[in-house]
Amino acid sequence: MSFLHFIVLMPFLATILIPFLYKKWGHRIHTGWFVVFVPLTIFISLLLYLPEISNGNFIATSMPWIPSLGINLDIYLDGLALMFALIISGIGVLVVIYSIFYMSKEREALHNFYIYLLLFMGAMLGLVISDNVLALYTVWELTSISSFLLIAYWYERKKSRAGALKAMLITVFGGLMMLAGLIMLAMISDTYSIREMIASVNVIQDSYLFIPAMILLLLGAFTKSAQFPFSIWLPDAMEAPTPISAYLHSATMVKAGIYLVARMTPIFGGHSLWFWLVAGIGLLTLLYGSLRAVRQTDLKALLAFSTISQLGLIMSLLGVGSAAYYFSGGEQQELYALALFAALFHLFNHSTFKGALFMVVGIIDLESGTRDIRRLGGLMAIMPVTFTIAVIGSLSMAGLPPFNGFLSKEMFFTGMLQAAEVNMFTLEGFTILFPIIAWVASVFTFIYCFILLFKPFFGSLRLDQLPKKKVREAPLGMLVPPSILAILVVVIFFLPNVLSDSLLKPALLSIGPFTSLNEIPFEITAWHGWNTEIYMTIGVIVVGLLLFFMVKNWNSILRIYPDNLSLNSLYNSGIEKMESSSSSFTNFYMTGSIRHYIMYILIAFVGILATAVISLDSVSFNLNFKANVSIYDVSILAAMVVAAFMTLLTKNRITAIVSLGAVGYLMVMVYVIFRAPDLALTQMVVETATTVLFLLCFYHLPKFGKRIEKLPFKLTNFLVAISVGLTFTVLTLIATNHKLYHSISSYFENAYELAGAKNIVNAILVDFRGFDTMMEIAVLLIAGLGVFTLIKLRSKDGDNNETK
Amino acid sequence: MKPNDVILHTVTKLASVIIFAFSIHLFMAGHHQPGGGFIGGLTTTAGIILLFLAFDIETIRKNLPIDYKMLAALGVLISVLTGVGGLVLGEAFLEQMFDYIDVPLFGNVELATAVLFDIGVAFAVIGTSVSIILSISEDDL
């Protein structure tokens with residue numbers, strides 16, 4: 001176990017301590033103060049690795065977990081992993097500090113909160129630095145589970161539970177698909193290590209499982225990262241406490257899918273299907289999210305759709321960037337790799353400004369009592385600091401200077417313009433749509449950013465509409481974390497290359513087609529001169545401002561889109577239909593009637609056996625028996641048939657019992673003429689006993705409803721019975737004609753020498769196969785005790801019931 | 001009014017002795033002739049039931065004070081213990097042994113552990129079947 005392993009395991013270890021700390025000091029000191037040291041330690045420790053990673057190196061260590069199966073906790077810390085790990089732990093620190101002031105010490109079950117949060121943090125860290133795909137899947141599901149627990153943190157609310165369930169169903173569905181994809185990859189490449197998979201990329205690309213593995217992996221990534229059409233769980237996950245929304249559903253967990261796509265780009269990149277799926281779904285999500293965000297009246301829902309939209313943006317950049325693998329070197333490759341670079345840059349930026357915005361919304365919610373933009377307004381004068389942070393965050397998200405969103409948005413446009421020139425994959429003509437969709441989505445992004453900024457802070461303050469009478473600025477502790485993020489947003493704009501050199505380029509090295517850091521030529525500059533991108537940005541601003549101020553004139557157009565065609569109602573009706581159809585299906589065949597179940601069993605028997613016999617073409621037997629058929633055999637058989645039919649056709653139950661007894665005694669005769677004296681003796685006594693028991697049952701039939709009538713004829717029963725009889729007759733004939741081996745009975749003929757007994761049957765029963773006999777008498781004893789218990793206990797119970 | 005069952009009683013007294021003797025014969029013959037623990041136990045049960053039918057249950061209980069459930073359990077126990085005996089002697093479970101020994105008065109007699117096992121079978125069969133019939137007949141249906 002290395003120090004890195006310790007870092008990943010630290011959140012899990014801390015969860016063990018939390019309940020004790022909470023119990024001992026929870027009522028005096030907010031538990032979050034203890035928790036904050038965990039991500040802080042992780043963050044600082046990871047920073048210590050930064051210099052080495054920045055030089056283009058990586059750190060790999062391993063810890064055995066199930067070595068016999070090749071499953072180990074392998075850690076592979078490269079640029080991409082470090083960037084994610086720093087985001088996770090860094091924003092983790094800020095979120096924990098924020099939650100200390102957000103979550104009430106008195107009212108909330110804080111130990112639960114921080115245990116779930118630490119579980120999530122540990123799982124997420126494990127996810128990004130794991131090299132073993134099965135270990136990766138394990139923590140992937142752990143993030144789903146901890147997210148489920150966190151969304152339903154206020155479990156007494158119905159909406160929280162519904163949101164948690166939805167998120168769980170969708171992400172676990174994707175997770176299982178991903179597992180299948182990962183197993184396929186492991187089968188092709190014969191390794192569980194991602195690095196070794198990348199090394200054997202040629203083998204993987206030639207395999208027939210290449211496309212299925214790709215699609216399954218993408219399903220996992222798309223569900224986790226809320227891509228279209230799996231995005232519906234994210235808005236409902238907003239029922240979680242706001243620190244959780246800020247942490248999980250904007251900065252970290254939803255980027256797990258992005259991480260997976262980025263990590264797998266060296267394997268799948270360069271394939272046209274990957275390009276079209278990732279870029280296409282990304283753009284679709286971008287447009288869908290931005291259009292839906294404009295309609296929202298709840299601030300968190302708005303941010304949820306904006307997260308969906310921004311994730312789509314990053315995804316589409318990753319898709320376009322994957323084209324870099326199509327080329328081997330040269331200017332073209334460099335241009336497409338720029339898209340990958342832009343994706344990483346925007347991913348980082350999004351984590352900063354989206355985290356800040358969520359915290360701002362949390363402050364507004366806590367201080368005013370509502371998140372509804374129709375009731376909020378004029379908070380600018382009351383909350384100057386919050387307002388400042390909101391300005392920075394939302395303008396950065398809109399892509400305006402001097403904030404980091406501007407830089408990554410420019411690079412996004414560059415990437416999309418580059419994508420328009422894609423001509424090496426099929427369906428070339430459609431790529432012209434890429435910059436158009438990107439531009440339209442950016443306009444809507446601009447509009448919802450302004451809604452987010454203007455509605456709560458500008459206009460007039462309507463105190464009568466707010467649940468809280470006294471609205472004031474948030475405490476310092478709640479303002480510090482978003483301030484840090486906002487400062488970061490501005491600093492990155494002015495010093496982008498510091499971030500680029502230390503984090504982004506090493507990260508690009510691990511996902512792009514480069515072999516060393518020196519090959520990466522990108523410099524981030526705020527000003528490229530008057531090029532297409534800047535005109536596009538100006539267009540976004542102009543059109544966005546126009547549309548924003550005329551929002552009342554066109555907003556109704558978006559509302560025309562009917563709600564019952566939305567993905568949510570499709571999901572809901574799908575779930576309902578699944579439940580109702582499965583329950584009606586179950587009710588259809590689970591009738592509760594034993595007669596039906598016996599029918600199923602017999603039909604299954606006949607179906608399986610008959611098809612087996614017919615399909616194996618083995619219906620062959622001859623009726624020329626060696627043994628002579630005597631008059632005794634024939635007459636006993638005839639008598640048995642008559643008795644059996646009597647049992648079936650009689651009106652009277654007594655007759656049925658007696659004729660059944662007759663069948664039994666005829667069986668005794670069969671045993672006699674086939675020379676089985678022991679069997680004959682036993683059969684005679686047992687037959688007598690069972691006939692007596694039948695008569696006993698008959699005698700005690702209730703008088704009421706005891707009609708003496710013939711068994712009614714039912715065609716299905718008749719057919720089933722006939723086919724069962726036929727099948728087993730045919731099978732018996734086939735089996736007796738195909739003796740593959742000689743009987744072992746000759747061995748038992750030495751019974752006298754071996755067991756000292758001349759009666760072979762008895763020698764077999766008590767000596768050769770005595771174990772069976774021992775068990776059979778045990779069965780007999782159990783049956784006897786069973787009868788005794790049933791009768792004795794039943795009569796007592798019956799009395800009790802009657803007296804009641 | 002209680003019917004007068006003199007003939008039945010007398011015949012039963014005679015027949016039951018014959019039946020029990022026949023059962024013991026079947027049991028003992030089982031080693032070399034048709035018969036054995038199972039059928040011997042069943043015929044013994046038949047004799048006991050004849051007694052129950054002719055006289056009443058209480059009388060027979062008084063004269064044959066046997067707990068049939070215990071008898072059945074004892075039978076299973078004996079069978080299992082004969083198996084354990086094989087283990088104690090370092091053989092396989094349920095390993096049976098036999099030998100010929102000169103016993104005074106009887107001459108050369110074959111003694112086999114299989115007979116012990118069969119006694120267990122017989123006890124289990126007698127105990128179970130009689131207790132089933134007793135519990136049904138004692139029940140006020």
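Cβ from N, Cα, C; glycine included.
Just so you know, TrEMBL annotations are computer predictions that nobody has curated.
Noted in TrEMBL for the protein shown:
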- A:6-22: transmembrane segment (TRANSMEM)
- A:66-113: domain 'NADH-Ubiquinone oxidoreductase (complex I) chain 5 N-terminal' (DOMAIN)
- A:80-101: transmembrane segment (TRANSMEM)
- A:113-129: transmembrane segment (TRANSMEM)
- A:130-433: domain 'NADH:quinone oxidoreductase/Mrp antiporter transmembrane' (DOMAIN)
- A:167-188: transmembrane segment (TRANSMEM)
- A:208-232: transmembrane segment (TRANSMEM)
- A:339-364: transmembrane segment (TRANSMEM)
- A:432-454: transmembrane segment (TRANSMEM)
- A:475-495: transmembrane segment (TRANSMEM)
- A:534-551: transmembrane segment (TRANSMEM)
- A:629-649: transmembrane segment (TRANSMEM)
- A:639-703: domain 'MrpA C-terminal/MbhD' (DOMAIN)
- A:656-674: transmembrane segment (TRANSMEM)
- A:713-735: transmembrane segment (TRANSMEM)
- A:715-792: domain 'MrpA C-terminal/MbhE' (DOMAIN)
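Within the same chain, residues 630, 632-633, 636, 639-640, 643-644, 646-647, 650, 680, 683-684, 687, 690-691, 694-695, 698 sit at least 6 positions outside the transmembrane segment (A:656-674) and bring their C-beta atoms closer than 8 Å to a C-beta of that stretch. At the 8 Å Cβ threshold, with sequence separation of at least 6, the transmembrane segment (A:475-495) lacks contact with the transmembrane segment (A:6-22), having fewer than 3 such pairs. Note on the domain 'NADH-Ubiquinone oxidoreductase (complex I) chain 5 N-terminal' (A:66-113): DSSP counts are 31 helix, 6 strand, 11 coil. Proximity of the transmembrane segment (A:80-101) to the transmembrane segment (A:339-364) is established through 3 or more Cβ-Cβ distances under 8 Å for residue pairs spaced 6 or more apart. DSSP labels the residues of the domain 'MrpA C-terminal/MbhE' (A:715-792) in these numbers: 64 helix, 0 strand, 14 coil.
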